[in-house]
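One structure is given here, and the rest of the page talks about it.
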Amino acid sequence: MGIRLQSSDSMNNQHQTQQNKYFNVSNQASTRSLWSQQQQQQLLDTKGSASTSKSPMLMANNNVFSIGPYRQRKDAGRVSVLEKYEIIGYIAAGTYGKVYKAKAKETQEEQENSIHTHNQTLGSVSVAGIDGGMASREVENGGDDPLRLDGHGGIAVAPAAGGGLSSAAAHRARSNGAVKALPKKSAFTPFYAIKKFKTEREGVEQLHYTGISQSACREMSLCRELDNKHLTKLVEIFLERKSIYMVSEFAEHDLLQIIHFHSHPEKRLIAPRMLKSIMWQILDGVSYLHQNWILHRDLKPANIMVTVDGCVKIGDLGLARKFYNLVQTLYTGDKVVVTIWYRAPELLLGARHYSPAIDLWAVGCIFAELIGLRPIFKGEEAKMDSKKSVPFQGNQLQRILEVLGTPTHHTWPNIHKYPEYEQLSKFSKYRDNLSVWYHSSGGRDKAALSLLYSLLKYDPITRIDAIDALEHEYFTNNDPPVSSDVFEGLSYKYPPRRIHTSDNDIMNVGANKNKSGFNHHPPQQQTVNNNGVTNSSIGGLGVNRRILAAAAAAAAAVQVNGTNIVSGSSSSNGPIRKKKR
């Protein structure tokens, strides 16, 4: 009986196995049929699309390579510099461009927000008690000033339109000395300095756009990365009509203006505390640059700005560059750096490579000029010849020798390694007269003279650096102490920066906006040349349209001249005037 049951079980297993094989085979067959149907459908779709579509383009159209539509779309959405800023006047011009004073234009949304905020401020009062609590009450529309906490446990009062306080609580707060008047928003209008880089050469506009100068690229890239209290802060950059506009914070004064104020019409020395505060802030900014591996290479009084609140800021980074991990010498990139009166002696002797010590020499020259109110080394610059070779600045070196004396191998061990070392033998021997110059200029502080000697050392290796200069006795003796406001304690005010309103060529940007490609629908002008090819089709390949237009105009002028000569020979109106090409 057991044997029979076992055989029946085996028969059942065999039957189940046969069923599984059958189902697997059927599943595979159905999968193959579905796959074949999908392939056939894809082939039919491909044939149908091929029959309905156009023939493939063998050669791409010129518009494929043109960036014109992209540029037009970007230009249409770009905000103009004159749409965002109101130009007040022209400040000055430099080697690389012009600088203008401007202020930001308020948008409609900002005006509505300011009005809403002003109304909210006039409608509430917050009084802070001595125990730190605060009680709020509404003020009636009677000219009362709103009160609020000033963040230090006191009460801040905003002046109302009427002018005075009628609230008894506000009067008591003022009598206790715990009330501070809130400044009006209109009294602190932020101003900006807009630097427009030059795009013309000798006043004549170039036919072909040459691109962005190396100086502009360096200044923009460095200003984007740097962030220090004693460096002018970059706000934004505009690229408009192939011109670059750098918008920076505005400073009302500079050291050149301050020196001129103290030296004209009569000489009045700068206050000792102001002098020390200016020098400390300059060295703090230079220290920040050098710690970030950046050389300024153009430090001078005109590039040292002072804001209305007495903060010194280093500006004009047009010649600045990084000196970390250099591939070639610094001389290879820029053969002439630093204004001649502030140029270090190693540069005058033809150094092919130099260090941050050149900036410290320039700081020493600025320090001496603030003391004596005139440049300490005022030499005459030798101009370059037609071969563009860098001349030896002998007159400037002589001015340095007359004050600091002739350097020796003891004071400057590596002086014989400089290319222009042999030029020193042509000068007379001078002795050190810096202390004589210092006392004759009105200097009395021995620590200041010691710092001046450290900054004006001949040997760049032993010349003091910015970090050590900040720890010098001149700053640490606190007699007088250094102030974050260089104008603190002064009984007089410096005149504001002179602004010229007659020279505002930046205003032409807005006048010619529709002609410069910033309009939403620029007209498509096509000029046919002699070969029958339009400029628009050639322009798609990147050819300058202005060059093509100039060539077409020249060809038309030649044809006109030829007809005038033929017709003029038969007429008796007078001699023929030849037109200049």
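Cβ coordinates are placed from backbone N, Cα and C, and glycine is handled just like the others.
Swiss-Prot annotations:
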type	residues	note
ACT_SITE	D298	active site, proton acceptor
BINDING	I91, A92, A93, G94, T95, Y96, G97, K98, V99, K195	ATP binding site
COMPBIAS	48-57	compositional bias 'Polar residues'
DOMAIN	85-475	domain 'Protein kinase'
REGION	34-57	region 'Disordered'
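Here the features listed in Swiss-Prot are placed on the structure.
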residue : record                       : Cβ within 10 Å
I91     : ATP binding site             : 19
A93     : ATP binding site             : 12
T95     : ATP binding site             : 10
G97     : ATP binding site             : 21
V99     : ATP binding site             : 18
D298    : active site, proton acceptor : 22
### Query
Any idea what the model's mean pLDDT is for the domain 'Protein kinase' (85-475)?
80
### Message
Of the residues named as ATP binders, I91, A92, A93, G94, T95, Y96, G97, K98, V99, K195, how far apart in Å are the Cα atoms of the most distant pair?
### Response
14
### Task
Check the Cα-Cα distances from the residue listed as 'active site, proton acceptor' to the binding-site residues I91, A93, T95, G97, V99 and tell me which is shortest.
T95
### Message
Take the mean position of the Cβ atoms of I91, A92, A93, G94, T95, Y96, G97, K98, V99, K195, the recorded ATP site. Which other residues of that chain put their Cβ within 8 Å of it?
### Response
K196
### Task
Reduce the DSSP letter at the residue listed as 'active site, proton acceptor' to three states and note it down.
coil
